[in-house]
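Taken verbatim from TrEMBL:
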type: DOMAIN; residues: A:25-138; note: domain 'PurM-like N-terminal'
type: BINDING; residues: A:Asp27, A:Asp73, A:Asp194; note: Mg(2+) 3 binding site
type: BINDING; residues: A:Asp27, A:Thr42, A:Asp73; note: Mg(2+) 4 binding site
type: BINDING; residues: A:Thr43, A:Asp44, A:Asp121; note: Mg(2+) 1 binding site
type: BINDING; residues: A:Asp44, A:Asp73; note: Mg(2+) 2 binding site
type: BINDING; residues: A:Gly120, A:Asp121, A:Arg147, A:Ser196; note: ATP binding site
type: BINDING; residues: A:Asp197; note: Mg(2+) 5 binding site
type: BINDING; residues: A:Glu247, A:Tyr301; note: substrate binding site
There are 2 protein chains.
Amino acid sequence: MHEFGFIDWLRKRQTPGHQTTIGIGDDTAGFRFSPGCDALITTDMLLEGSCFLLAEAGAEAVGRKALAVNLSDIAAMAGIPKAALISLALPRKKGAEIAQGLFRGIESLARDYEVEIIGGDTNSWNGPLSISITLFGESTAKGPVKRSGAEIGDVIFVTGPLGGSILGRHLNFEPRVREALQLHRAFDLHSMIDLSDGLSRDLGHICEESHCGAEIWARELPITPAAQQLSRQDGRTPEYHALHDGEDFELCFTVSESVAEQIRKDPMWNCTAIGRIQKAEQGIRLLDENNQWQPLEAQGYQHEFD
Amino acid sequence: MHEFGFIDWLRKRQTPGHQTTIGIGDDTAGFRFSPGCDALITTDMLLEGSCFLLAEAGAEAVGRKALAVNLSDIAAMAGIPKAALISLALPRKKGAEIAQGLFRGIESLARDYEVEIIGGDTNSWNGPLSISITLFGESTAKGPVKRSGAEIGDVIFVTGPLGGSILGRHLNFEPRVREALQLHRAFDLHSMIDLSDGLSRDLGHICEESHCGAEIWARELPITPAAQQLSRQDGRTPEYHALHDGEDFELCFTVSESVAEQIRKDPMWNCTAIGRIQKAEQGIRLLDENNQWQPLEAQGYQHEFD
């Protein structure tokens, strides 16, 4: 409903080479999904002051992140991203400048992942910046990978090092869309999730939906230099940061032992085995740096409000 | 990404009788569109202080309206609404109470129109309330009705009386989803739009996208009691309010003369002929209350920002 040349602005900047939309009008976009696929739909809202500091991050990085977190959600299902809608509440002051920065960030990432911007809703108000992106994707012919398919004995992998994202990577991470599609094509992935709220919490989602437990091997965790740096600052171990920090946006997936062997022996996959799916009764346990078993409590980001 | 039991909350409240989604996980929903249909996608964001006053309207009415404006966009294409995603930025103070009110309003309307709530993103922050709904629909087998199909000689209809919506109807209007589907099934609708920004402005969208002009007959305009009331207060004519007030959310559509005859002679349609599509060179003209021709300038709601 509320547009002021936003769609015109977008039309001029639309990712070239995409002819998936049918032109219908400014308020509603038409989209033809591939026959037989599941349409995958995800939405994320980023809020100034709560999710980012605009003055610190800059509008371009915020725009990029707003799309990237949605791409990560589609990657978590090994889906193919297709099209996005962008809703903005812009502060009245410098609204146009902020919008242009946001779109630069969105557009650059949209081009990389062949995502078409098919519409949105742009408003200005007296509040802070709020950006909400809804992203559509399609499942591949093999179908989507779910959180609920982990099996006892599965090996748990992550696609990259973890922890300390707050030092910068949370703004410029690369969503693991291509890695997910390659893994899904090559192997039978039993379950997958993207690590947005911290490994301890997100692994809990897999265990809950798959009705299983898990063990994590602290010594095997791949750890970022940023987690090492945070560790020196706050005295927590680097493993603590790898286990609990949010916004890594790596993928965590589980596969059978035989698939795990293939992934381990081929360095092109660049994935690290960090644990194993266990019976539900065992809960989620950590084999710590001192080879002691302890319960692994979720301590990642928990959203709260009154 | 950011949920705190929101999906759990929704699961318990999901519209019964709908089995269209596939359960995948909290962050991304899967949806199977009907084969061969066009997926119709629309999004609208309502902002406290700018689009509504929360204390005055109440959260339930705001939630209802947030879905209703999206339903109206799908109705404008004679689409079948299917599923919605809801993104919220809640004020920290009384956030849970506001969320429950919003969902009561959303849920009630969703049930009426068989819309399934398939996901969303709920956050709290120090800003005012912001609600963004993305609604998915499907075209019927006849395809979507567009803004761009008006033909010279078409008769212009509206589905109900216009003007003065600000006195209350903007919060409790009934989106014309069923009317649109019935008209689309019975007739060949050349073009259609929902009246959100005022007849003068929205008719301009049809004319622009159809490359045509139009004439409107002031004496034929159906006028609400609210427009009469506003007229007594501000001295503008009731016709002025019917032409320019925003948020009527009636449909404006154009059909051939022969279809117009059928609609006129059958009172069940309850639609009013208010003008005719003309050549582009004639622009948009008004035959006013005194039978004088004058140019019809768009004066409906124009979104502005710095």
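Using N, Cα and C of the backbone, Cβ positions are placed for all residues, glycine too.
Where the annotation comes from TrEMBL, it is an automatic prediction and has not been curated.
A distance of 28 Å separates the Cα atom of A:Asp121 (Mg(2+) 1 binding site) from that of A:Asp194 (Mg(2+) 3 binding site). A:Arg147 (ATP binding site) carries a helical DSSP state (H, G or I). Every protein chain shown contributes to the tally, and the Cβ of A:Arg147 (ATP binding site) ends up with 25 other Cβ atoms within 10 Å.
Of A:Asp73, A:Gly120, A:Arg147, A:Asp194, A:Asp197, all annotated as binding-site residues, the residue with the shortest Cα distance to A:Thr43 (Mg(2+) 1 binding site) is A:Asp73. Residue density at A:Asp197 (Mg(2+) 5 binding site): 25 other Cβ atoms are found within 10 A of its Cβ, drawing on all protein chains shown. Helix, strand and coil counts from DSSP across the domain 'PurM-like N-terminal' (A:25-138) read 39 helix, 46 strand, 29 coil. In sequence order, A:Asp197 are the binding-site residues from A:Thr42, A:Gly120, A:Asp197 with a C-alpha within 10 Å of the C-alpha of A:Glu247 (substrate binding site).
Within 10 Å of A:Ser196 (ATP binding site), counting CA to CA, the binding-site residues A:Thr42, A:Asp44, A:Asp73 contribute A:Asp73. Binding residues for ATP (A:Gly120, A:Asp121, A:Arg147, A:Ser196) extend across at most 32 Å, taking the greatest CA-CA distance. Taking the C-alpha atom of A:Asp73 (Mg(2+) 3 binding site) as reference, the shortest distance to any of the binding-site residues A:Thr42, A:Asp44, A:Arg147, A:Asp197 belongs to A:Thr42. Of all Cβ atoms in the protein chains displayed, 24 besides its own lie within 10 Å of the Cβ of A:Ser196 (ATP binding site). You'll find the Cα of A:Asp194 (Mg(2+) 3 binding site) roughly 10 Å from the Cα of A:Arg147 (ATP binding site). Here the CA atom of A:Arg147 (ATP binding site) lies 15 Å from the CA atom of A:Asp197 (Mg(2+) 5 binding site).
The two recorded residues A:Asp44 (Mg(2+) 1 binding site) and A:Gly120 (ATP binding site) have their Cα atoms spaced 14 Å from each other.
For the binding-site residues listed here (A:Asp73, A:Asp121, A:Glu247), the lowest count of other CB atoms within 10 A around the CB belongs to A:Glu247.
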